[in-house]
């Protein structure tokens, strides 16, 4: 068991956090150049102020709430977003680079573990589906129930996962979730190897995996900034997406070979062992180099407090609404691509696998391109990419041949990953540290929890209007949602500006 991150009492071991205001009067330096130990040690756990969404120049993105309550000293001036933290490290373009977050030792350990674990997870997804089909004699209903049970905990308890992430040290939580998921994979592997596995076993273990994921997702997402700090957060998020999609390409292929050679049971055992890589990385981290947010003390109403916080932040609400529509209607490729491959182009399973690989290749490319960004994402980038994503989906749905359909999936995957990485970074950089877990819990609920609603809806559209039309309508809804969010953001920025101009003119008259 990994102990919680401990703070060193030695002044030489104290590392100030990025974004933490400097002490008004520094202590006198001793002969070695270090501050004198007689003075009070600087705090390393002060939470950095939440920064609003900004553009490349560092100016706040104009998405303030035009309907916010006026400030007491100015009855006509609406509230503006909180000022960005002026003590944050400057974003030097020369410090950029696609893999700059890997210069951080703690993040290197974390990323290496994620590569191994994500590959094992994708292997288990394929093996689990295959095992269910074997045990249920090819029943598609049983396969759907398994998938539904794995996503059900996210719908039921997704918000509480964020509360837990804020309440306890994130490194300790990740140790517990990784151990839990590893044990579940081990149990399923032993049942399969011994020939004792039944369908209901898979149902129960899939639901248990979903419960662990409820806590793991927001904790893992919000732990990234504690490893790399605010400046490198967008890069680290993009690299996480790259490792995920790289594993998405590699894992199913490896699983297919292993299932053919040694069967499904050993694949689950391999996945169980893969969690050891993450646990080793968490254990080997240098806790003094982390930037931990102060855990929130347990109290009543913390879930409602998180919801009120998001409701009072118009910039966050717009991003969540945007990503909700895109995820629900535009990103159901597991349904739309499968239907188009089978019903429109009459292809087999191998051709469908090629389509999934092309989409994953585009997503991997998009993640690597996003990793090159030095500046923070801005809302107008999300809006523009949302419109482009919708247009690409519409064009992809109109492609006359299967090869042209495959080629269009690559840029669609690139834009899709640009949206997801930018939205994730925008939300994390715009929240207070003590709220990050709860906000990311809501974000993951919106992003992943909409799938059980969106997938049946898209399937119904495909059944009644055709597979092509389902993809086209998904793209149309995505583009319209992006335009609507852009219009709301512009409305929120124009009204305060117009009020100030009118006030100045009346004062001059």
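Glycine too: its Cβ is placed from the backbone N, Cα and C atoms.
Among the residue ranges 67-85, 86-104, 124-142, 143-161, the one that TrEMBL annotates as transmembrane segment is 143-161. Between the transmembrane segment (405-427) and the transmembrane segment (316-341) there are 3 or more Cβ pairs closer than 8 Å, counting only residues 6 or more apart in sequence, so the two stretches are in contact. Using a cut-off of 8 Å between Cβ atoms, the transmembrane segment (316-341) and the transmembrane segment (107-123) share fewer than three residue pairs, counting only pairs 6 or more apart in sequence. Among the stretches 107-123, 143-161, 347-369, 468-490, the one making the largest number of Cβ pairs under 8 Å with the transmembrane segment (439-462) is 143-161. Long-range contacts of the transmembrane segment (143-161) within the same chain, counting only residues at least 6 positions beyond its ends with a Cβ under 8 Å from a Cβ of the stretch, are 128-129, 132-133, 136, 202-203, 206-207, 209-211, 213-219, 303, 306-307, 438, 441-442, 444-445, 448-449, 451-452. Among residues of the same chain six or more beyond the transmembrane segment (347-369), those with a C-beta under 8 A of the stretch's C-beta atoms are 98, 238-239, 241-242, 244-246, 248-249, 252, 333-334, 337-338, 341, 402, 405-407, 409-418, 421.
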